[in-house]
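> My questions will all concern the structure given below.
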Amino acid sequence: MELLRPALPSYFLLTLLSIWTAASEARAVSTGMPTISAASFLQNLMHRYGEGDSLTLQQLKALLNHLDVGVGRGNISQPVQGPRNLSTCFSSGELFAAHNLSHQSQIGEREFQEFCPTILQQLDSRACSSENQENEENEQTEEGRPSSVEVWGYGLLCVTVISLCSLLGASVVPFMKKTFYKRLLLYFIALAIGTLYSNALFQLIPEAFGFNPMEDYYVSKSAVVFGGFYLFFFTEKILKMLLKQKNEHHHGHSHYTSETLPSQKDQEEGVTEKLQNGDLDHMIPQHCSGELDGKTPVVDEKVIVGSLSVQDLQASQSACHWLKGVRYSDIGTLAWMITLSDGLHNFIDGLAIGASFTVSVFQGISTSVAILCEEFPHELGDFVILLNAGMSLQQALFFNFLSACCCYVGLGFGILAGSHFSANWIFALAGGMFLYISLADMFPEMNEVSQEDERKGSALIPFVIQNLGLLTGFGIMLVLTMYSGHIQIG
């Protein structure tokens with residue numbers, strides 16, 4: 001009996017506690033206070049984020065965003081090779097794909113209960129915290145970059161192809177007076193404008209800001225930017241053609257006013273444009289064939305380019321002096337200016353190519369395509385200028401190719417800078433350069449070529465060729481950007 005006495009007070013306390021608990025529950029029922037059940041938590045979430053007893057995929061995504069779950073940068077269009085670590089932060093698309101959910105899916109209570117462990121695991125692993133997100137993005141960037149062999153191999157290949165374009169100038173010299181040459185050159189200039197401008201809008205400038213076309217959805221806005229440029233170009237050309245026809249109808253073709261005649265200053269400033277566009281009618285001596293017939297022509301002409309004056313070299317020996325060797329001291333200053341500026345231009349091109357290949361092989365090839373489309377007409381124009389500045393055919397080929405080889409030096413610097421530093425600054429520099437070259441350099445050149453063709457015939461054909469070139473370049477860059485996540489190279 002003595003052993004049972006200490007237990008009596010404890011038993012008495014438990015009895016009182018049970019009675020108090022039962023009384024509290026009875027009082028709660030009598031006063032109308034709701035009792036908490038497990039289903040009430042689920043119903044509360046369904047009513048807060050959904051409509052009725054179901055959730056759409058967008059509503060479920062809103063819940064995930066509120067919890068900072070599913071904010072990873074994974075891409076379901078590029079499946080990960082091998083098993084994925086569950087401690088990483090998945091994107092909402094990857095989580096939905098794991099549960100076989102599509103945009104048309106309706107998530108009921110049962111489906112939501114099956115999805116809840118996924119949310120709980122991501123919260124427990126803290127994989128989507130800001131610190132882990134930064135580390136994971138850095139690791140994925142390093143893993144996604146091409147190897148050194150791929151960077152140097154593809155880079156050297158693309159630069160070699162681009163540099164070989166400098167040797168194509170000699171092949172078109174016999175056709176420079178043909179009509180189809182002018183129109184072919186017009187198409188390539190328009191193609192270069194379209195590719196350079198679109199490459200800057202779709203890839204280089206967004207890449208400089210760290211945007212991803214598969215995730216940031218900027219492609220449509222960049223396309224609208226090009227659309228604004230093209231709309232004003234198209235409208236201006238149409239208005240000019242209509243006004244030209246109206247003026248011709250009222251004034252005819254037999255009289256010219258003093259306003260329509262170009263001044264001497266305008267003629268001198270336009271010579272450089274004519275050289276770049278392949279207009280050699282006023283530069284190539286018409287008696288060149290006399291040299292080949294054994295005659296010795298006498299030439300006393302000057303080539304005026306801006307403020308520079310270049311004598312026709314070796315006039316007592318040959319009017320077609322580029323077919324023979326010329327002393328370097330007799331070559332005009334313009335030739336060396338063109339060679340040096342072209343070398344600097346090619347160096348920056350190589351810099352952009354090298355930095356692009358350090359990010360991805362696809363990015364590098366895309367940038368190389370834009371530069372290739374620009375280099376072809378550009379090198380042809382430079383080749384013509386070198387010939388008419390006093391160089392022989394062999395010298396023009398050599399120095400044009402030498403300046404093109406500066407692209408290799410730029411490639412090396414671009415690869416080294418992109419591998420050890422952020423390539424975004426190089427992309428920003430290249431994007432600005434591409435915009436300037438396309439709009440301030442090549443666009444007036446395209447207008448000059450088209451005006452020469454318009455004076456000889458209808459303005460409709462040059463206008464159609466310009467549109468084809470611009471839209472082709474735009475289409476190439478648009479397709480490459482939109483399908484960049486589906487194209488695997490290397």
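Residue 1 is the first one shown; counting continues down the chain.
Any Cβ shown, glycine's included, is placed from N, Cα and C.
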> Membrane-wise, does Swiss-Prot list ILE348 and SER484 on the same side?
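Taking the topological domain names from Swiss-Prot at face value, ILE348 sits across the membrane from SER484.
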> Could you count the residues of the motif 'XEXPHE-motif' (374-379) that DSSP puts in helix, in strand and in coil?
6 helix, 0 strand, 0 coil
> Sequence-remote contacts (6 or more beyond its ends) of the motif 'XEXPHE-motif' (374-379), Cβ cut-off under 8 Å?
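Here the qualifying positions are 162, 165-166, 168-169, 185, 188-189, 192, 195-196, 342, 349, 400, 404, 437-438, 442.
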> Take the topological domain 'Extracellular' (206-222) and count its residues per DSSP category (helix H/G/I, strand E/B, coil), listing them in that order.
7 helix, 0 strand, 10 coil
> Mean pLDDT across the topological domain 'Extracellular' (206-222), rounded to an integer, is what?
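So the average pLDDT across the topological domain 'Extracellular' (206-222) works out to 83.
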> So which of 185-205, 223-243, 396-416, 423-443, 460-480 is most in touch with the transmembrane segment (156-176), counting Cβ pairs under 8 Å?
396-416
> Six or more residues out from either end of the transmembrane segment (396-416), which same-chain residues have a Cβ under 8 Å from its Cβ atoms?
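Counting only partners 6 or more residues beyond its ends, the transmembrane segment (396-416) has Cβ contacts under 8 Å with 151-152, 155-156, 159, 162-163, 165-167, 169-170, 322, 335, 339-340, 342-344, 346-358, 375, 379, 382-383, 386-387, 426.
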> Between the transmembrane segment (460-480) and the stretches 185-205, 223-243, 423-443, work out which stretch tops the count of Cβ pairs under 8 Å.
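The stretch I would name here is 185-205.
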> Do any residues of this chain, six or more beyond the ends of the transmembrane segment (423-443), have a C-beta under 8 angstroms from a C-beta of it, and if so which?
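Sequence-remote neighbours of the transmembrane segment (423-443) are 189, 192-193, 196-197, 199-200, 204-205, 207-210, 348, 351-352, 355-356, 358-359, 367, 370, 374, 377-378, 414, 417.
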